Structure formats: structure tokens, C-alpha cells
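Q: The structure that follows is given in the form of C-alpha cells.
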């Protein structure tokens with residue numbers, strides 16, 4: 001079995017750290033916290049050395065629960081329990097600054113009635129999604145000069161919406177909720193954004209969602225201690241093809257990487273899971289062909305007590321080429337940690 005090796009331990013938040021996000025185009029890692037701040041770290045991909053470069057005192061009145069980089073890597077969105085979304089850009093960006101310059105709040109997006117739980121940019125960067133305890137999912141269109149227009153408000157969930165995740169290449173938005181369901185949303189050219197299907201199977205809160213790198217599958221993590229893998233069978237139809245009894249307690253986070261390159265067809269990459277039992281688990285997924293297509297899963301690495309006695313709140317694979325085996329986590333201890341999967345002998 002592989003092992004999980006600690007690359008960097010990045011303390012600094014004064015309260016629990018809720019989320020972590022890798023900048024897709026620049027070597028910057030961001031974390032956010034109940035202390036209302038965002039911390040930015042630069043790193044060298046060759047030496048994997050991480051340095052704190054700046055802390056953004058966001059001005060949010062309450063916890064910063066979620067963060068998301070735009071695909072260009074120039075803009076950072078923050079979702080807060082104060083119900084607002086902050087849009088941040090770095091002033092006078094120099095090639096060597098790597099996040100160290102001043103970050104300015106370009107605009108505040110208002111509309112949610114209570115806590116904003118999740119934010120996510122689409123693959124093109126032209127859309128931003130947000131979700132809230134007010135049971136709604138919003139889609140915002142991104143215009144130049146930090147101008148945002150609300151294109152739709154979906155109110156199909158019956159409870160708190162915990163997370164949103166965009167398909168990696170299509171404008172399909174997934175949302176997970178306290179109502180135990182996952183809803184998929186698209187734009188109707190003649191109408192507004194709407195929910196085109198509801199995925200039912202979990203028996204408790206859906207905390208986290210992750211699309212497969214090619215977008216044919218969706219992973220969901222739940223309070224019912226399982227991870228479900230949903231496969232697209234038709235344009236607007238998805239069904240469960242695998243249920244993993246993954247952890248002993250609530251699974252708060254799931255992230256999907258293409259994994260380390262391997263020979264042979266059918267490889268779907270690596271799935272990382274973490275949550276209330278404090279452990280990190282790495283699963284290798286393989287697509288098996290036959291009369292009924294199926295997915296095989298293999299547990300390839302386990303790390304108990306990743307953040308000591310604390311819950312692990314977020315897990316995220318690095319998107320940069322050559323770093324597919326590197327991921328970051330945050331926990332209730334206020335610490336961000338960076339890890340690498342090390343091949344077993």
C-alpha cells in the first residue's frame with residue numbers, strides 16, 4: 001500500500017480552517033477560516049516548499065466558509081456566514097509577487113438571506129455559483145470590471161445547501177444539501193437556470209461533491225458515512241454505480257484527481273476522502289467494461305489522525321501538471337497541511 005507523507009504544515013488561523021483552494025494558474029495555495037481571514041501561501045513545485053505571503057483580512061462580519069479561484073487565477077471569491085460573497089483581485093500584479101501584493105475587494109455580492117456555504121467558478125470563468133443555508137443556489141454571470149449579474153436563483157432544495165460544484169467542461173452545476181439530495185442544474189436558453197434532475201440515494205446530509213477529471217462521473221460524500229459515485233447514462237440522466245462505506249463518521253470532503261499516470265485503459269484516477277473520524281483515505285477507481293459497466297475501487301493509502309484529534313473539513317488535490325499526487329487539507333485545528341502520496345514498495 002502507498003503511504004501519505006506530510007510535505008508542509010501551515011498554521012496561522014486563529015479558529016477552525018474551513019476550506020483550501022489551489023490557484024489553477026499560479027503556485028499559490030489559499031485557506032479560509034472562522035477567524036474571517038484568508039491566508040495565501042506561495043510554493044515551489046520543484047522543492048515543494050511553502051511560504052506564507054499574505055493574509056487577507058476580508059472584512060466579512062462572520063466566518064469565511066468557502067473560497068474559489070477563477071480559472072485565470074487572478075480572482076478569488078469568498079463565501080461567508082454573513083450571507084455575502086467577496087470578490088478579490090490583486091493590485092499591480094508582478095510576475096514574482098505570487099500573491100504578496102495588496103488584495104482589493106472589487107465587489108460584494110448580496111442576495112442570500114443567511115449563511116453562504118459554498119462558492120465555485122465554472123470552467124470558463126464566466127459563471128460563479130453560490131449556495132446558502134437559505135436553501136437556494138444562485139448563478140452569477142461574470143462581466144468585466146468585477147461586475148456580476150444574477151442569472152438565476154434555484155429554490156428546489158428543501159434544506160440548507162452545503163456545496164456547489166461545476167462540471168469540468170460543461171455548464172452543469174451540482175449542488176448537495178442537508179435534504180440528503182444532489183440536484184443538477186443547467187441553463188434553459190429560452191428560460192432561466194433550472195434543476196433538471198435530482199439524485200437520490202444518500203440517507204443523510206450531502207457535504208461535498210467532486211466531478212471526475214473528464215466529467216463522466218460525480219462523487220458525493222455524506223453524513224451517512226458513504227461516498228457514492230454517479231455515472232452519466234444519458235444526457236440528462238445519472239445513476240449510482242458504486243457506494244463506498246468509506247469512513248466511521250461523517251465524510252465532510254471529497255476530491256478527485258487524475259492520479260499518477262498508469263498504463264492500461266479504464267483508470268479513473270484517485271479519490272481522496274476525509275471527515276469526522278480524522279482520517280484521510282485515498283481510493284483508486286477503475287472503469288470495468290462488460291454487459292453492465294461498473295467501477296472497481298481499491299483503497300491505496302490511509303492516514304489516521306491527519307489533524308490530530310480534530311475533524312478534517314476540506315481536502316483538495318493540486319491541479320498543476322506533475323503534482324497530481326499532492327493534496328492539501330484543513331481542519332478544526334486551524335491548520336492547513338500539504339501531503340504527498342508516496343508509492344509503496
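Each Cβ is built from the backbone N, Cα and C atoms, and glycine gets one as well.
TrEMBL labels come from automatic prediction, so no person has curated them.
Annotation source TrEMBL lists repeat 'WD' at 10-51, 57-89, 109-142, 154-184, 199-230, 244-285.
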Q: Same-chain Cβ contacts of the repeat 'WD' (199-230) under 8 Å, 6 or more residues past its ends?
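A: Residues packing against the repeat 'WD' (199-230) from afar: 162-170, 174-178, 180-184, 238-258, 268-269, 271, 273, 275, 283, 285, 295.
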Q: In the same chain, who gets a Cβ under 8 Å from the repeat 'WD' (244-285) while lying at least 6 residues past its ends?
A: 2, 4, 205, 207-213, 217, 219-223, 225-229, 295-317, 324-325, 327, 329, 339, 341, 343
Q: Within the repeat 'WD' (154-184), how many residues are helix, strand or coil going by DSSP?
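A: Residue counts in helix, strand and coil order: 0 helix, 15 strand, 16 coil.
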